[in-house]
Amino acid sequence: MGLGIDIVEVERIKKAIETTKGFREKVFTANEISYCEKRKNKYENYAGRFAAKEALVKALGQGFTKYSFLDIEITNDALGKPTINFKDKKIDVSISHEKHYAVAMVIIEEE
């Protein structure tokens, strides 16, 4: 079992997307970009996904030395519940965001 949590400033992610060439495409999958771009509060959604990816690598205890951001994809089910698609692991994720911050918690269940 593994547990990870991360919090990120929405403005930091917004600034990175707007000013760092290729940042969005290096961190988020095409599906994630499509989802976030359709949202009214798109930068909060980007920040939530960023926090979830960071929380997952913390739960794995390996950091981004072994995996890249694009190896991890955050999707939502029909009711909006976030899901992490990563290898064959059973992963629970919770994401919350508001105007200034996004936070995510990840639990990797025993196999």
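Cβ atoms here come from the backbone N, Cα and C positions, even for glycine.
In the predicted structure, the domain '4'-phosphopantetheinyl transferase' (2-105) carries a mean pLDDT of 94. Residues or ranges marked as domain '4'-phosphopantetheinyl transferase' in TrEMBL: 2-105.
According to TrEMBL, the Mg(2+) binding site annotation covers Asp6, Glu54. Same-chain residues at least 6 positions away in sequence with a Cβ under 8 Å from that of Asp6 (Mg(2+) binding site) are, in sequence order, Ala51, Ala52, Glu54, Ala55, Lys58, Val103, Ala104. According to its DSSP assignment, Asp6 (Mg(2+) binding site) is in a strand.
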* Structure fact -> In all the protein chains shown, the tally of other Cβ atoms within 10 Å of the Cβ of Glu54 (Mg(2+) binding site) is 21
